Every structure is written in structure tokens, then in C-alpha cells.
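Here is the structure we will look at, set down as C-alpha cells.
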Amino acid sequence: MAVNMTAIKTASNGVWQGDNPLDFAFPLLIVQTVLILVVSRFLAFLLKPLRQPKVIAEIIGGILLGPSAFGRNKEYMHRVFPKWSSPILESVASIGLLFFLFLVGLELDLNSIRRSGKRAFGIAFAGISLPFICGIGVAFVLRKNIDGLDRVGFPQFLVFMGVALSITAFPVLARILAELKLLTTQVGETAMAAAAFNDVAAWILLALAVALAGDGSESGGQNKSPLIAVWVLLSGLAFVVFMMVVIRPAMKWVARRGSGEQGMVDEAYICLTLAGVMLSGFMTDLIGIHSIFGAFVFGLTIPKGGEFAERLMERIEDFVSGLLLPLYFASSGLKTNVATIHGARAWGMLSLVITTACAGKIIGTFAVAMMFMIPFKESITLGVLMNTKGLVELIVLNIGKEKKVLNDETFAILVLMALFTTFITTPTVMAIYKPARGGSSRTHRKLRDFSTATKAVSSEDELRILACAHGPGNVSSLISLVEATRSTKKQLKLFIMHLVELTERSSSIIMVQRARKNGFPFFNRFRRGEWHDRVAGAFQAYSQLGRVTVRPTTAISPLSTMHEDICHVAEDKRVTMIILPFHKQWRREGGDESMENMGHGWRGVNQRVIKHAPCSVGVLVDRGFGNGPQTPGPTATVAQRICILFFGGPDDREAVELGGMMAEHPAVKVTVVRFVEKDDLELDGVTLRPSPNKCSENNYSFSTAKMNREKEKELDETAVAEFKSKWDGVAEYTEKKTSNIVEGVLTIGRSSDYDLVVVGKGRFPSNMVAELADRQAEHAELGPIGDILASSGQGVLSSVLVVQQHDMAHVDEAPVAKIMHTNYEKFRTDIDNQSSGAGEISKAV
């Protein structure tokens, strides 16, 4: 039954007045949107272990909600997705598409494309031309075997099929490369550059296809002069020239005027730009080319990499990518009826299209890559990567259906082809290409190994440190900490890694394009745009100090695999210690204290680095360390006051060794406080046994390795004696007797005597630290003493550095239960028996 669109009302009067909200446009749109988001997000969660891009889940979600699955229930389809609601849903989704294409134009840096070279251009040309020719060949076969295609205009159908098979989806490819850690390999960089060429060519070809399409019918084509298509193309070319010659300089002026001081952007210029997106879309629609072209070209005119572009993305990308764009791709699924592909002939056509699409892309790219002397495995991987479809492909297919060039069956076949080719990209690349990661012979490094009486694994005249930062807020504390360790005898080589989470946001891909430092990061000298100017400037200034070499990089990865980047660089650059920022950061202004929490995901990054690092690790809990009037230099008179807490064990000995390095700095005052038990206190022996019922998130974990406690005590005494003899008169050493270790530690942290307190993680605890094994942990990864000092609400004023010495024997840890007993030997047999399964936990006696 035909529906009168003018009779459809926007809002209902409510159920109490007898209205069904699903009969009204806006309430139904809300229901449809929520349903699409819930289904697509659930599917994205299921596909996440397979590393599939989000667009796959959104398309599959639309197919499930549409006539292929749930839509087989006519009552459901009539109520939730009635035909009269389709124009409304697609209009809202098209607004999202318009702004998404603006973001794509904002992502695409034309200058970087020009710099990409002949290799990327040649691979892109082959990756477009051969599939385009194959697409034309397939078009002949489809036209003969699918009913209704003979009524479609022949030239426009050929062009649409060629475009559909030749496209590479640049945004999807970038995220796949980032997930697989391939962006800094030769394969990744070549694929990104070739995909950028492909992206521009695809929009030009699509503009040609739309100009030729008209309404897609033969009759329409006969009533239309061939000159109309020429006029459309010439008008489109004039529009592009006008945008680049007139609007681009104007947008540079807007970007300069809109970017105020202190990173503020004038709201009026943001609104002006958003209006420009809509107006550009209207102009290309007026010309006869789809409105998305206007938004895309307008995005190209915005200056890249500045404050203005970043603020634009912040304002629109979450709303567009998170809410509106899923509606567009789900609507593609809703229009896909798999039931139209019936019979052996139809499924044969689907197989033919998929095979031709894959073969054309892979063979064309492979052949040219081999001509450029790229190795066989890398060449075939490039072909598979360039076969990625996804976002742009769906846009092409929807325009084809809208212009009536593609009927329902052809549309369904091409949607399934796009799904299949994108879905197989990640697993295929993982199967055929495993890039060499370097550092095949693992080295495990620490500041000092007292058991062998040798110095650090690094060379005697050089100390290498990898310092990680979330952003500008970590700069001052990192510089202060690293400067405090700068010896007058050793060259300090500092690697700075800016950690950036890779998300579905366009800004992540902007950063990937700008620096191409993702995956296992590539280090380079300072270059404009790699870091925020304040960050780069701060470290550049610091690098001017004597005997300091600073090398920056950016690591852009999902948080789940960020630790791989950090650990690889630590191994590849042979660093001795990794410095990680704690996921919480305190700031004190006047009498008020504020705390910024980066989130549980960043805490997980630290936990995984602590577990897998090939060297010692320090976690810096910053409470304003280094926020004084100046950074201490070699001639500064203002000292950093640093306290080392010593209880015993490998981690504490590493902390003391670090304290010895700090004592060499003329502007750093080091104090070692050794906690000892009161002479008159009778303490029972403490045995720590594995406790499988405890969670490592909320309970401290200790090493399961067996250790000779007497030998450990000897090493502790050696470390303390060496520190006292070497730094006598330079550093202070005191012993503190206390019956309450928690209060003793908090007293030091709460006093304003020290800027930084350094503690060991304590995986082999002394008798006193073992007493805390059953204490409820807030930050279990810091160990008992570090957790006490880092916990909220304790009134601690000092920043804290928690040190873990690297040793492969200490890697396995487990939560424990504490048993008090005077007769340790009585439990030896039980513990040995349990250690055969879960491992024996260290014992404090």
C-alpha cells in the first residue's frame, strides 16, 4: 500500500492518548537507532578477537536486522523497519556520511601523496587498472545472467562495476595495518601510500560513474543528451578548481584566525566550517554529482596538522563515527536481501565476482611489486592488503542502488563480496607474513646484578633509558627524573615514546599518516608535527644539556597491544630501564589536590609491560615531581630531595643502585632509609603460600621462584655496604626501626622532606613486607610498599618511583596466603609439594 509521506507525523501524543510511537517518525527513528547500535556493537565485540574492523560488524548487523534474517518475520519488518521509514533513516544516516567524507578529506594529506614516489604510484595504478578491467569483464557476464540488468544503462553499469572491484578502503586499511603492527615495515608504508593514491583515484572514478549514471535506466539515458554528462564533469572540475584556488587559502586564514591562544578555538569559525561542509555538499548535488564529493573536497582544503583541524575532529568525529555512520552501513545491510541470491547460477555469479575481485587486486599489485624488486612474500602481502574494501565500497554500492544502476540481486552480491574481501584480509596477512622483529637473541638488562658482582648489562660509558609519556602533563616529571639519573661519567641516551591509543576515531589515523610511527616504532630526529609543540620543545631544550642524546617517537596502538611496542623498543634499543607513567596523576594547586585518572586500559598497559619487559622497569607515580621553578641542571643549587626505602630483595637492591646513580648528580640529595625490625620484638616466621582463590587484581603477587634467603641477606648487606662506602659524605644513610611498617612508610611520604620516594616492588619480600601480604591492594602491580604510597586518601605528598629489577627467574608470580608459624621447617614439605603444581612462593624467615 502506498504511503502518503506528507501524512506522517513527527511525534506522537503518547500511549495514554492511544498513539503507538512506532507509527510516528521520530520515536521510530530512536528505536531503529538504538537497535542498530546495540546489534552492531555486540557483533563488534564478538569479532574483536579476530581483529576485524568495525564496519564488518555494522554491515552484518544491518543484514541480520534486514530481510535476510529477522526481516523474514513480516510483522517485525512492518513495525520496526516499515518502508515509509527508509527515507527518514537514510536521510539522517546521509548527514553522518557527509561529515564522515569531510573527515576522510581531512585525513588525506595531498603533500604526503606527492612525496610517496614512483613505487607507490605504480602499485596503486596496477591495483586499480587490472581490477577495473576485470570488473568490466564481469559486468558482461552479470548482465547476461541476472534478470533486470539488461534494462540498466550499459556504460554506467560497466563503470560502476569497474569502480566497485578496483577500490581500496584507505581508512579500513590503515586500521588493519595498525592492528597487525605493520605500518613501519616496508609493506605497511608502501600499502598506505598506494592506498592514498587509490583513494583519490576512486573518488574521481566514482564522480565519473555518477555523472554518467543519471537515473540509471536506458530510457532515461535516451531522453538525455550525452552532453549532459560532459557538462556535469566540467562543472565538477570547475568546482574542484574553485575549492583549491579560492577556498583553500580562505580556510588557511580561518584556521589561523580560529586558533587562539592556549589551544582555544573560536566557536564561530567551527560553525562556519561545519556550514561550509553542508554548503559544499549542496553545490555538488546541484551540479549532479553526489553531495559527498563536495564534503570530501572541502575536507581537502582544511590545513592539516594544526590546532584547528584537531578541534574540528574532536567536535564531530565521535558523534559521526559512533552514532550516524553505523546507521548508514546498517542501512546498507537492511537493503541487502541474501534471499535474492537463489539458485546455482546466482551463487556462481557471487563466486565469480569474489574470485575476480581478489585475483585482479592481488595479481595486479603482486606483479608490479615484483617489478620493483620487492620480495615475493612482501609482494603477495601487499596484494592482499590492497584488496581491502569496506567503507568506500559500501558508499559506491549505495550510490549505484540509489541511481538504479544496481538491482537488488547485484547489490546483494557486491555487498557480500565487500564483506568477504575485507574479512579475509587480516587472517590472510597474519598467516602469510610475519615481519622480522629484530632482536632475535633476547637480552635481559638491569642496572646491577649483585649476585655476579657485575655492573649493568649496558656499556660502562652509556646508560639507555626508555621513558614513556601519555602527553604534555608527563613532561616535567620525566625530565626531572631522567635528569636526576644523569651521571657525569656516563653518556645518557634517552628514548622518549609518546603513547597514543589507536581507536576508531579519525584522529588516530591522522596521527598514523602524519608520523607513520605505529607498530614497532621507528625513531627519528625531531620533526615538526610529530608531537605537540610544547612536548617537542621541552625535550629539544633538554637535549641541549651535555652528554644527553634524546630520540623521540610516537607509538599508536590499541591498548591491548601497546606493551608489545614498548617491550620491542626496549629490546631493540638495548635499554636498561623503562620509565612508565602511572595511570593516575596528582596535581596540587594552593591547598587543593586534584587527581586525573587515565583509565583502567592504561593501567593494563603498565601491568603487561611490568610482566613482559626485557629490562628493569620503573613506574612513576607523579604528585608534581619536577614542577618547581626550574629543572635542576649540572650547576643548579636547588636540589631534588630523593629518598630510597630499603627492605631487602632484588627490587630494593636495584632501587639502591639507582639511588647511587642519582647521588652522582650535584643537584640531587639522596637519602637511603633502611627499615629494620625492633630488637625487642619477637616475630614469628612468615610463610607465603600460593592462593588460587585470590585475584591478582586485588591482591599482591609474589615470585614463585625458589630463593636462598641467607644468600639474599648477604647480597642485601653487600649492596648497603657498597653504597655507604662509595657515597659517604655525599648521600645520607639511616636505619629506621618500627613495629608498624605502614605508618613508618606513610610518615616519610606525608612529610615534605622528599620530592621523590624510590621503592622496590618487593617480589621477594623481607619478613616485614611479607606481613602485608594479606592487605587489600588498591594497585597490586606496585607491590605492598609502592601501593601504600600510591593509594588515594593517605595524605602522601611525595612522588613515588616503584622499581622492578628484571630477572627471568622472577617472571612467574601468584597471589599468596600468609601463614604465621615459628617452625618454618614444619611447612617445608607442604610447600615443596604445592610448588610442583603452582610453584613455591618465596619465604620470609
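Yeah, the Cβs are placed from backbone N, Cα and C, and that goes for glycine too.
Predicted automatically and left uncurated, TrEMBL annotations should be read as such.
If you look up TrEMBL, you'll see 39-429 marked as domain 'Cation/H+ exchanger transmembrane'.
Per-residue pLDDT, averaged along the domain 'Cation/H(+) antiporter central' (490-630), amounts to 72 for this model. Residues or ranges marked as domain 'Cation/H(+) antiporter central' by TrEMBL: 490-630.
Taken from TrEMBL, the feature domain 'Cation/H(+) antiporter C-terminal' applies to 642-806.
Long-range contacts of the transmembrane segment (24-43) within the same chain: residues 8-12, 54, 57-58, 60-62, 64-65, 80-82, 85, 88-89, 92, 323, 326-327, 330, each at least 6 residues beyond the stretch ends and with a Cβ under 8 Å from a Cβ of the stretch. Annotation comment: TrEMBL describes 24-43 (among others) as transmembrane segment.
For 55-71 (among others), the entry in TrEMBL reads transmembrane segment.
According to TrEMBL, the transmembrane segment annotation covers 91-108 (among others).
What TrEMBL lists as transmembrane segment is 120-142 (among others).
If one looks beyond the transmembrane segment (154-178) by at least 6 residues along the same chain, the residues whose Cβ comes under 8 Å of a Cβ in the stretch are 51, 53, 55, 104, 107-108, 127-129, 131-136, 138-139, 142-143, 188, 191-192, 194-196, 198-199, 202, 205-206, 208-209, 212-214, 216, 218, 221, 353, 356-357, 360-361, 385-393, 396-397, 400, 403, 405-406, 414, 417, 422, 425-426, 429, 502, 504, 506, 508-509, 512-513, 518-519, 556-558. The transmembrane segment annotation in TrEMBL covers 154-178 (among others).
Taken from TrEMBL, the feature transmembrane segment covers 190-214 (among others). Long-range contacts of the transmembrane segment (190-214) within the same chain: residues 104, 108-109, 112-113, 116-117, 119-121, 123-125, 127-128, 132, 153, 155-156, 159-160, 162-163, 166-170, 173-174, 177, 182-183, 220-221, 224, 228-229, 232-233, 236, 288-290, 293, 296, 365, 369, 374, 382, 385-386, 388, 392, 395-396, 399-400, 403, 405, 512-513, 516, each at least 6 residues beyond the stretch ends and with a Cβ under 8 Å from a Cβ of the stretch.
Residues or ranges marked as transmembrane segment by TrEMBL: 226-247 (among others).
Per TrEMBL, the feature transmembrane segment maps to 268-299 (among others).
Residues or ranges marked as transmembrane segment in TrEMBL: 319-338 (among others). Here the transmembrane segment (319-338) has Cβ contacts under 8 Å with residues 32-33, 36-37, 39-40, 55, 58-68, 71, 81, 86, 89-90, 92-97, 99-100, 103, 391, 394, 397-398, 401, 408, 411-412, 415-416, 504-506 of the same chain, all six or more residues outside its ends.
If you look at the transmembrane segment (350-374), the same-chain residues 6 or more away from its ends with a CB under 8 A from one of its CBs are 119, 122-123, 125-127, 129-131, 133-135, 137-138, 141-142, 165-166, 168, 186, 190, 194, 341, 380, 382-384, 386-387, 413-414, 416-417, 420-421. Per TrEMBL, the feature transmembrane segment maps to 350-374 (among others).
The transmembrane segment annotation in TrEMBL covers 380-399 (among others).
Summarising the annotation, TrEMBL assigns transmembrane segment to 411-433 (among others).
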Remote residues contacting the transmembrane segment (268-299) - C-beta distance under 8 A, at least 6 residues beyond either end: 94, 97-99, 101-108, 203, 206-207, 210-211, 228, 232, 235-236, 239-240, 243, 247, 251, 254-255, 257-258, 308, 311-312, 315-316, 395, 399
Beyond the flanks of the transmembrane segment (380-399) by 6 or more, those residues with Cβ under 8 Å of it: 53, 55-56, 59, 97, 101, 123, 127, 160, 163-164, 167-173, 176-177, 187, 190-191, 194-195, 198-199, 202, 206, 209-210, 213, 290, 292, 328-329, 331-332, 335, 357-358, 361-366, 369, 374, 406, 411, 414-415, 417-418, 421-422, 424-425, 428-429, 432-433
